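Asks: The structure's right below; bear with me while I get my questions together.
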Amino acid sequence: MFILFALPGSMQQLKQSETKVSKGAIFQKYHHFSSAATKDSSEEGSEEKQTISVTFVDKDGEEKHIKDVEYYNKLEDPTDEENDMLDLAFGLTETSRLGCQVIATPELDGVRLAIPAHTRNFAVDGYVPKPH
Amino acid sequence: MLKAHQEAEVDIVDRLPTPFGLVRSGVAPDHPETKVVVNQFSRVAQHQRCSFFGNVTLGSSISLAELRELYDVVVLAYGAESDRVLGIPGEDLLGIQSAREFVWWYNGHPDCRCLNPDLKSTDTAVILGQGNVALDVARILLRPPTELATTDISSHALAALEESNIRKVYLVGRRGPVQAACTTKELREVLGIRDLYVHLQKDLVKTPIDEEELKNNRIQRRVYELLTKAATSGPSHPSSGQRELHFVFFRKPDRKPDRFFESHERSGYVSGVRLEKTALQGVEPGKQIAIGTNQYEDLGCGSVLKSIGYKSLPVDGLPFDHKKGIVPNIKGRVISDAQKDPPVLEKGLYVCGWLKRGPTGIIGTNHYCAEETVASISEDVERGLVASSASLPKPGREGLLQVLDDRNVRVLPFSAWEKIDSEERRLGSLRNKPREKLVTWEDIMKVAD
């Protein structure tokens, strides 16, 4: 299961499916690493590209209990539907959101995201789901 | 298992020719998004080291003891195919059924093809229980049938629902809204059914113990908020011809005999139930039970559906805890003697899913449960506790095929399901449904050929 960023206005809108089966990242090895997400506004005719940096912290990382309330508050409130799904999530905290609802914006530059301890890749054969 | 053990061959045995268990027979027809997981399951079954053996019944086609001789590891994951009973006289009157049977009926399970629930002679159905299964049943009874006509609901159920006279459904819970067993998504959905009048009693009070229960439980908190909001908002009367859904709290069926009333006009059929008002009593921190208060009220109805929980069935040669309805186990390892310290374990025998934990949880819960059982298996393999001390390896798949062939058991592999699947989808496309399920053993076996 990917944590993917839906980029507003982008041609490459990626959203993970909201199945109840699994939540979390596909990352099999647990590492502390950074990733970049790019916003491409070429649709609007502008050449503006912005990169934000996102740090993932694994379950063995030092910063286990991420409570970046400041970043959390920058997100739109969860809808009832998202809250209904969060009800069933493992390892839920007060600053938990569904990965597909965390939309990358310049304001989130530097955000740190912790992935729940009970995260697994369901696919047997390294199958990579198609973005949809 | 396939991921954790690159040399392992895994065989899946199912008494039905159609795989996927409750995803096919339990998930409601109007919840197709929950069934997408069959794609993952199909990929596992099609894996080169995996084989599906459909139409093979544990107990009659092959015994547990025989399976343990054929395979290094046997994992029982056959769930809970029976029901908890109320234990009340009159419980077996006609018109009283378990929700499980009703769900199997509308989902086209071959065992319940001929259930024939009577939805015509009465306008009122009483559902005992307020969990997600109870809500599913209420929703299927109350949704406009035109909305169900484009789902994979079985055609015999759709026909019955199109002619149904049921207009009022009661969801009866022994305890209060704080203890309601449903979850928010399902509750929100049933409250939003088109053109439905929803009624809840207004005198819903919270006890201090209720507050304690709510404090640490997000799901219960949100369910309680939804219920109390529904109790105080909306019209106070149904409009003419409107279907009705009533949530009834603090009521349990009276345990004395003849409290399921028998109809005078139709001998042997239920015509009503006597309910006793309850009060909550704390028994341990965070747990309250319902006790009777000797005040009663009667509900007239022609249909009662018991949705008070599933129960697993024991099998010859399998340790079983009849009180809890599960197989005694430690992280999935089956216990043969719990009296000893440390407990004696059954070699190479494991459980997973509802048979291991009891009949609660969603699909995702079983994912985590499976990981735990596989971790136990892996540890045991590593410690040499699983492989037999004899030099010959176990016969496995070849051995099973041989035994079944000797007994003339017709094994239906995954490719047979693929034929059934393809035919169901073809039949469905003729009626604007995702699939038209084959619901009799004869039809299924004919297509599987």
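Heads up, the Cβ atoms here are built off N, Cα and C, so glycines get one too.
Just lifted these from TrEMBL, have a look:
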| type | residues | note |
| --- | --- | --- |
| BINDING | B:L22, B:L58, B:W354, B:G361, B:I362, B:I363 | FAD binding site |
| BINDING | B:Q130, B:G131, B:N132, B:V133, B:R174, B:R175, B:E186, B:G361 | NADP(+) binding site |
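For the listed features, I'd like the structural context: burial, neighbours, distances.
Replies: Counting only residues at least six positions away in the same chain, the Cβ atoms of B:V13, B:R15, B:L64, B:L67, B:L76, B:Y78, B:V315 sit under 8 Å from the Cβ of B:L58 (FAD binding site).
In the three-state DSSP scheme, B:Q130 (NADP(+) binding site) falls into the coil class. Of all Cβ atoms in the shown protein chains, 27 besides its own fall within 10 Å of the Cβ of B:Q130 (NADP(+) binding site).
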Asks: Quick one: of B:G131, B:R175, B:I362, B:I363, which binding-site residues have a CB closer than 8 A to some CB in chain A?
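Replies: Among the binding-site residues B:G131, B:R175, B:I362, B:I363, the ones whose Cβ sits under 8 Å from a Cβ of chain A are B:I362, B:I363.
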Asks: Going by DSSP, is B:L58 (FAD binding site) part of a helix, a strand, or coil?
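Replies: The residue in question, B:L58 (FAD binding site), is strand (DSSP, three-state).
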Asks: Whole-number answer please: how many Å between the C-alpha atoms of B:L22 (FAD binding site) and B:R175 (NADP(+) binding site)?
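Replies: Counting only the Cα atoms, the answer is 28 Å.
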Asks: Non-local Cβ contacts of B:G361 (FAD binding site) (under 8 Å, 6 or more apart, same chain)?
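Replies: B:W354, B:C369 - these are the non-local Cβ neighbours of B:G361 (FAD binding site), listed in sequence order.
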Asks: If you count other CB atoms within 10 A of each CB, which of B:L22, B:V133 wins among these binding-site residues?
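Replies: When each Cβ's neighbours within 10 Å are tallied, B:V133 leads.
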